[in-house]
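Marked as N-linked glycosylation site by Swiss-Prot on the basis of sequence analysis: 149, 153. Swiss-Prot lists 1-15, 69-84, 144-159, 208-211 with the feature topological domain 'Lumenal', giving sequence analysis as the kind of evidence. According to Swiss-Prot, the feature topological domain 'Cytoplasmic' maps to 37-47, 106-122, 181-186, 233-249. Residues annotated as transmembrane segment in Swiss-Prot: 16-36, 48-68, 85-105, 123-143, 160-180, 187-207, 212-232.
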């Protein structure tokens, strides 16, 4: 999950990456039905469809920006155009793999917390310890470990950023385990999706990400779907309370 996330960011623009992460919510929602029972309400399903639509709109905006950029270059041959557009293709493949692995990770984590009665610290510890060997293996096999590359990527600024990122990751891991334990996998993923939308907007403002109507509209749809899910969740909780009160009578 962590490795495919990094590879996705290597090829995809920040807004596209963050919007596509929302596709995982649908997999998790129906995965919870299979793992834990229950159902997905029509309003929840509508919010998921809107999230998918936001991802599709984001893709259109990304492709549109690439086409405009390619057509504006002078003396551009066909090979350069194909190489420019191809940069997106492996990114989408990595993103699809990341969606599947992320959904399985959250569902299995909640299942394991229930079975073993893990505390939040235990969840954080085992998540990171089990992931470390796989990350090391893939890093040695797939990445460039030449002296030149190490000198560029292991500068003082890069090391400081890695340390800060690592410390923040510890906090994220702990809070993730806590959120999954006290709420649900779907709610955890939806909150995470809403957290990423401001980052997607920041990518449009501060980074060299494609800026067009479709990019901004996709972010708007993402926010709207998150609000709709929150309303759907509140209604679902109220219905469960009414049903429980009826059964008690």
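Cβ atoms are placed via backbone N, Cα and C, with glycine included.
Remark: secondary structure over the topological domain 'Cytoplasmic' (37-47) totals 6 helix, 0 strand, 5 coil, with classes taken from DSSP. Contact between the transmembrane segment (187-207) and the transmembrane segment (123-143) is not supported: fewer than 3 Cβ pairs lie under 8 Å, counting only residues 6 or more apart in sequence. In this chain, the transmembrane segment (212-232) does not touch the transmembrane segment (160-180); fewer than three CB pairs sit within less than 8 A of each other, excluding pairs fewer than 6 residues apart. Note on the topological domain 'Cytoplasmic' (37-47): residues 29-30, 186, 225-226, 228-229, 231-233, 235-236 of its chain, located 6 or more positions outside it, place their CB under 8 angstroms from a CB of the stretch. Using DSSP to sort the residues of the topological domain 'Cytoplasmic' (233-249) gives these counts of helix, strand and coil: 16 helix, 0 strand, 1 coil. The average pLDDT computed for the topological domain 'Lumenal' (144-159) is 80. For the topological domain 'Cytoplasmic' (181-186), DSSP puts the residue distribution at 4 helix, 0 strand, 2 coil. Here the topological domain 'Lumenal' (144-159) is broken down by DSSP into helix, strand and coil counts: 11 helix, 0 strand, 5 coil. Residue counts of the topological domain 'Lumenal' (1-15) by helix, strand and coil are 12 helix, 0 strand, 3 coil (DSSP-based). Sequence-distant contacts of the topological domain 'Cytoplasmic' (181-186) (same chain, six or more residues past either end, CB-CB distance under 8 Å): 25, 28-29, 31-32, 44, 106-107, 109-110, 113, 118, 120, 123. Residue 149 (N-linked glycosylation site) is surrounded by 11 other CB atoms, counting those within 10 A of its CB over all protein chains shown.
Cβ contacts within 10 Å of residue 153 (N-linked glycosylation site), excluding its own Cβ and spanning all protein chains shown: 12.
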